[in-house]
Amino acid sequence: MNNIIILPVIIPFIIGAILILLYKRHSMQRVISGITMFVLLALSVFLAIYVYQHGTIVLEVGDWKAPFGIVIVADLFSTLMLLLSTLVGTVCLFFAFQTVSQDREKQFFYPLYLFLMIGVNGSFLTGDLFNLFVFFEVMLISSYGLIVHGGTGYQLRESFKYVIINIFASALFIVGIAWVYSITGTMNMAHMAQRVSELDQTGALNIVAIIFFIVFACKGALFPLYFWLPRSYYGPPAAIAALFGGLLTKVGIYAIIRTFTLIFNHDVSFTHKGLIVTIAGFTMLLGVLGAVSQFDFKRILSYHIISQVGYMVMGLGIFTPLAVAGAIYYIAHHMIVKTALFLFAGATQKITGTTDLKKMGGLLGTHPWLAWLFFITAISLAGIPPLSGFFSKFPIILAGFEEQQYVISAVALLVGLLTLFSMMKIFSYAFWGKQKHTEEQAKIPVGKLLLPILPLVALTIILGFAAEPIFTYSMEVAEEIMNPTNYIESVLKE
Amino acid sequence: MELLMSIVIGIIFSVSIYLFMSKNLLRVAVATLLLSHGVHLLLVTMSGLQRGASPILSFDAEAYTDPLPHALVLTAIVISFAVTALLLVMSYRTYKVHKTDDLEDLRGSADE
């Protein structure tokens, strides 16, 4: 039974390797990769339910005992993230079938896609810090491949910056690993957590904690390390931009939440309530101001990723069970909604041939379904009840006021308002007003394109109306990760 | 020995940061290469150098050197090798497409 938790890493690896051999036959590649993603989705649903019912599953790879060998751990938080990532991966893949051009499909698009899934799934499941680095690299190298895929001038230019910032962050990751190894003498995260609480070395550990925070902040696009994101996510096709926007930054956020609840919880008043909350406030505010100033569909959405990553980190920074539960709910909401919005941007681009809002208009008249589905998702992002955005922001801000963090809570409320403003800007420019696209463009059917997005829109409505059970679930996840003894005991078997 | 290594690592880091700041594509690529060498040396040094006999080969020693950092650094070297290869290809393609290796010219215009 334990072996099943390595499957989300092994399956895409084997299938991806097979797809390299089949690179000339792209209809076959589509079928195989589609089936693989469905299998992964079913597997992660099963794992989420199984772990919820039976508790944490631990696999000691190669039967090397816990603190010495590599462990794969599936607890509530990692199975939830696994479920969300495979959901986003499946949806984006089916969108990619219809939008990615044949030239790009020929150049190992699907193998790279599956290799990206290995890295993402592995990062969620691993219980070993160095192994986390390795899976991060697997994910990043595939993402370098995908972000530059197609090789247009714009992509090459901006991807170079993306690659450089990530290589720099990875180097810092190894620095952090070296230091934490010299302090604790272990790589196993559970063992490390145990040693950290015994050691009482606050000064040295704070430095290591900040190094790790910088590393993950680089991947998760936090202030002041977010500058690469809007430009580099603009280049690749919509399916890839949606996958990156929904998935990649959240892997960084997952790593921050995991390390800062499990390992670096020795000095909460400095790291969480001081550093993380401050950074979260700046991230939210500057991200949303960037979005307000833009007039490009994809750019606005990219800046919104930054501002919303701030909310998740703010939930962690306040560090009460309610706030962390809110952050987890927010991750779920954000991954679903943000992917859907990027895919809507792709669908509008297919109709109008542009992402510049000033050159669009009147899509409501010619494509009403697209417009209304976008409207639902956009107001969900802004946090209008009864959609999921409201129920994910509410607990974070409530916890902020309860903990007397008034400034950050006020910033969060203001950011919500500005989010609504910029979403309505997209709606009024692109969908209202005079029709600016030609009659031929008005006849382009988007029904098939909307089909993969529909489940995401349905989910944001469900997450809103079924907030009670889902919030109870995220509350349980939050209590489990806030209290790391369960994780430590299940890994070290004490 | 650790002190000497620390100084060497510091020098490598500062040279690499200096190269990162330059405007030339290739110099930035070399900077990432140097940076990865620096962190690999750091990883080996931080766990202590040559504390005893090599493990597995000899069974009668008093103390053994910790083998884990060596395993880690091997993995890290392989990864940085792959990333550097990819980065060089990307720099070359960028140079081919944009006909320049000056990062100042690769900033992109403000209205995009």
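Quick reminder: no glycine exception, Cβ is built from N, Cα and C everywhere.
Feature list (source: TrEMBL):
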TRANSMEM  A:6-23  transmembrane segment
TRANSMEM  A:35-52  transmembrane segment
TRANSMEM  A:72-96  transmembrane segment
TRANSMEM  A:108-126  transmembrane segment
DOMAIN    A:127-417  domain 'NADH:quinone oxidoreductase/Mrp antiporter transmembrane'
TRANSMEM  A:132-151  transmembrane segment
TRANSMEM  A:163-184  transmembrane segment
TRANSMEM  A:204-229  transmembrane segment
TRANSMEM  A:241-263  transmembrane segment
TRANSMEM  A:309-332  transmembrane segment
TRANSMEM  A:369-394  transmembrane segment
TRANSMEM  A:406-429  transmembrane segment
TRANSMEM  A:449-467  transmembrane segment
Sequence-remote partners of the transmembrane segment (A:72-96) [C-beta within less than 8 Å, at least six residues beyond its ends]: 5-6, 8-9, 33-34, 37-38, 40-41, 43-45, 47-48, 51-52, 56-59, 61, 109, 113, 117, 120-121, 124-127, 190, 237-240, 242-243, 246-247, 250, 254, 257-258, 328, 331-332, 335-336, 339, 343, 346, 449, 451-453, 455-456, 474, 476-477, 480-481, 486-487, 490-491
Surrounding residues of the transmembrane segment (A:369-394) on its own chain - C-beta under 8 Å, 6+ positions past either end: 304, 308, 311, 326, 329-330, 332-334, 336-338, 340-341, 344, 347-348, 351, 363, 412, 416, 419-420, 423-424, 426-427, 431, 446-447, 450, 453-454, 456-457, 459-461, 463-465, 467, 471
Residues of the parent chain within Cβ reach of the transmembrane segment (A:6-23), under 8 Å, 6 or more residues beyond its termini: 29, 32-33, 36, 39-40, 43-44, 47, 59, 61, 72, 82, 86, 106, 108, 110-115, 117-118, 121-122, 125
Annotated stretches the transmembrane segment (A:241-263) and the transmembrane segment (A:108-126) touching (3 or more Cβ pairs under 8 Å): yes
Interface check, the transmembrane segment (A:309-332) with the transmembrane segment (A:163-184), three or more C-beta pairs under 8 A: no
Chain residues in Cβ proximity to the transmembrane segment (A:449-467) (below 8 Å; excluding those fewer than six residues from its ends, i.e. six or more beyond): 87, 91-92, 94-95, 98-99, 329, 332-333, 336-337, 339-340, 343-344, 346-347, 350, 369-370, 373, 376-377, 380, 385-391
Spatial neighbours of the transmembrane segment (A:406-429) far in sequence, C-beta under 8 Å, 6+ residues away: 277, 280-281, 284-285, 287-289, 291-292, 294-295, 297, 300, 304, 307, 310-311, 314, 317-318, 357-358, 360-361, 371, 374-375, 378-379, 381-384, 393, 396-397, 400
Positions whose Cβ lies under 8 angstroms from the transmembrane segment (A:108-126), at least six residues beyond its ends: 5-6, 8-9, 12-13, 15-17, 19-20, 23, 26, 29-30, 32-33, 36-37, 40, 70-74, 78, 81-82, 85-86, 89, 93, 96, 100, 132, 134-143, 145-146, 149, 243, 247-248, 251, 254-255
